[in-house]
Amino acid sequence: MWTAFSATFKRQLVTMRRAYPWSFFIGHILDGVYITIFAFLSYHFIFQGELNERFVSYTGTSDYLSYVIMGGVFNSFTVSLLMIVSRMLITEMREGTLEALLLTPSSRLGYFLGAAVQGLMRSGIEWVTIICIGLFFGLNLVSAHLALLIPILAAFCFAIFAQALVLGSFMLAFRDTYITQNTLFVVMMLVSGVSFPPEFLPQWMQCLSRIMPLYYGLDLMRAVMTKAQLSFAILQNLLLLVALGILYFFIGIIFIKQMEKSVFEKHFG
Amino acid sequence: MNLLNVIWAEMKKSHRHNFNNRLMYFSLFVWPVIQFVDSYYAFKPFNLGQDSPLSRFVPVEKLGLFLITGCLAYIFFWSLVQSAWMMGYEREQGTLEIILLTPAPRTLVMFSRAAANLLEAVWLFSIFAVLTILFMGGLHVAHWWLIPIAVVILMLSAIVWGGFLNTIFLFSRDAGFLYTIFEAPMAFFSGVRMPVMAFPLWAKMIAYAFPLTFVLNILRSIVLDGKNLSAIFQPLLELFLILLCLIIASFILVRYAEKHAKETGNLTLF
Amino acid sequence: MLEAKKLVKYYTMKEKSGWFARKKQQIKAVNGLDLTIKRGEIVGLLGVNGAGKTTTIKMLSTLLAPTSGTLSIDGIDALQQPEAIKRRINMIAGGERMLYWRLSARENLMYFGRLYGLRGSALKNQCDELIKKVGLAESADRPVERYSKGMKQRLQIARGLINDPDYLFLDEPTLGLDAPVARQLRGMVKDLAKKKNKGILLTSHYLEEVEELCDHVYIIEKGHLLLHDTPTRIIQTIVKDRILLVVMDRLTQEDWTWLRQELDNRGIHTQKNETDEGTQLDMTAPFDLTAQFIALTHQRNFHLLRLESKKPNLEDAIIRLAEERELL
């Protein structure tokens, strides 16, 4: 597994340095920035800072801008990481290298992890950039609880990684990236509490929130990065996030295996 | 006659080529509907009571109408971005070269592509929007005959915008980047989800760079504010001037693109 | 008649030499090429990869503007009136590109036909006729993505004929095709020139194809014209050696010494091999040596089992030419 990991990591690193995917990079940053600007304009220029009381009761804060900017930051980060990992195999298929890859006795998990860890470098740069821009538009970071932040980030990345495996297998099944990924992204953005608390949504839509790692991740990140007080809910959400990650992970592994087989059958049958 | 012939050719082609996959309607119907819902809920954290500051720009009870008209006009413009993306495919596939090999007028082909794709792309969401509008009620129209005029204005503007985008995408390899520059800001600044009047000056300046801003202004004046023709004359004139600029720009760009391609053997400019 | 005079094409290549720095480099793809194609004639364009064949074809088809030089077709200046030229020419490239894969053959043809201003029944008839001609009638309404390579290639040909061009440029039209399909295509190309009186320019890697089809051949190297002649004369001028291969009853040492002496005297280079059949001789000389050799065998009553005179072909000529150029 280690060799597959490092080989993929190095390959992706070289690819990134040769041809940095600027359009994805700038696109992801701008997606976050647009959400930020939207929140900024709405808050200051349209509503003059007047909030709905339910917002405060749902979120436990009256800092609307920090709430939404955090939403934009982590939405972009999630989209970026999901895309990097989930598009791996289908890209190999399109470039004609999939057979060569599947013929090797390498560990698929190492392969995906290599791509993910390398992808984190890219997503991380985007993430920091959006946070920095957000600071100008009213993002208030309180002293982050580092001891909590690191395990939360780790759990979050793991859950997103696992979700990307499932997404990737769907891409292989549909032979499509554009429709598959963006359908997930628009739904994810609606139900995960990016620009408004999901509690506003009808009950049945809130069920969808529960299967999005972004929903838990945002809740946790907001708790440790923008709120001063910590609560027991953090631990509960962290456990739920890890459990969801594990669930996605196993589903993803099984689906990818299935898809690889059917790809082989279609190619060599 | 030649015009109709080329439009017809493009229509037949794009019907078979772009719409043969029903998944296409995810991007043309499912996403816009979800985004409409999202834009509606994005206002929920704010004070939407009778004393809402929003009512300075849009009556609170008409927020739904405001958003659905925004989404409807946006989908007209957005659908053509997708068809412009196919330019990249045509370049890779080499069919673009074959089109340049024919004597068909190039700019005409660009605008025909836009026109050919429009109806097929927007009909489904349009039905949804009309039903939503009827369901929500609250339309305020001075003369009913203004509505078809509004639709024609919307379509013509979208076609001009689409033709312009086709031209731009004609010679760029990285369509995603152009999308980020030309399309995403449009969704945020041209008043699809927010009243442009509320913007600070810098945001207004961005807003008025997009024809969609003018189109939305006219559309909402007609269906929400009950303005008559004389009241919208000035924005109509402004829109007309912008569209004219876009058409002229497309002409120049197409000629430049072909000249460049002839010199370098390469359509990609940037 | 298509006449290109002193065609020159320079590309400026920008090469990335750092994060932002670009190195400019000028590449001379075609360098002063003269070329004529008459109606009813098949002209070959040969050269190794990177010789400038594709650039030449693209210039002739007005897709590329020459850096300098003139190009006229039936007296019309192609650089001044590209639109008028486009109606009279078309280009077909090998491979599977340049078609809409999700469209059927008929839809592809209808689309491109309309871009040539065809419409109504004229368009429909033209499409039907071409589909029949290239033998796609049965699959005309299936999407192209389900076609085999050969079918796509035949559709390309139909597409290239949609505007009934006077001049047709074929860039590797048989690339990667099975032998029978390739032969069929060759027949089609021949008919187009000889029966339909079209002027055809052909590039191909398959030299037998060029030898079989072309009335004239231009051989270019690095954008320069090396040779222009009929295939036969090209072979004659370049490959002067003739090879004679003979198998005969096993020679005695004495006979061999005698024969060798006689051959040497006549300037014939010989190589001897003993095989199961008998003695095999490979003889090379700069003239046809068959008659002389047979005369020699009569003198001593040698018994010939097999005699094969190998005629050099265009491929030998091109290989020889390439070797000579390398020595320079």
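Glycine is no exception: its Cβ is also placed from the backbone N, Cα and C atoms.
For reference, TrEMBL has these:
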- B:23-43: transmembrane segment (TRANSMEM)
- B:23-257: domain 'ABC transmembrane type-2' (DOMAIN)
- B:63-81: transmembrane segment (TRANSMEM)
- B:118-139: transmembrane segment (TRANSMEM)
- B:145-165: transmembrane segment (TRANSMEM)
- B:177-199: transmembrane segment (TRANSMEM)
- B:205-224: transmembrane segment (TRANSMEM)
- B:236-257: transmembrane segment (TRANSMEM)
**Request:** Answer yes if the transmembrane segment (B:23-43) and the transmembrane segment (B:118-139) have at least three CB pairs under 8 Å among residue pairs 6 or more apart in sequence, and no otherwise.
**Result:** yes
**Request:** With pairs restricted to those 6 or more apart in sequence, evaluate whether the transmembrane segment (B:236-257) and the transmembrane segment (B:145-165) have 3+ C-beta pairs under 8 Å.
**Result:** yes
**Complete:** Comparing B:63-81, B:118-139, B:177-199, B:205-224 for Cβ pairs under 8 Å with the transmembrane segment (B:145-165), the winner is B:205-224
**Winner by Cβ pairs under 8 Å against the transmembrane segment (B:118-139), considering only B:63-81, B:177-199, B:205-224** = B:63-81
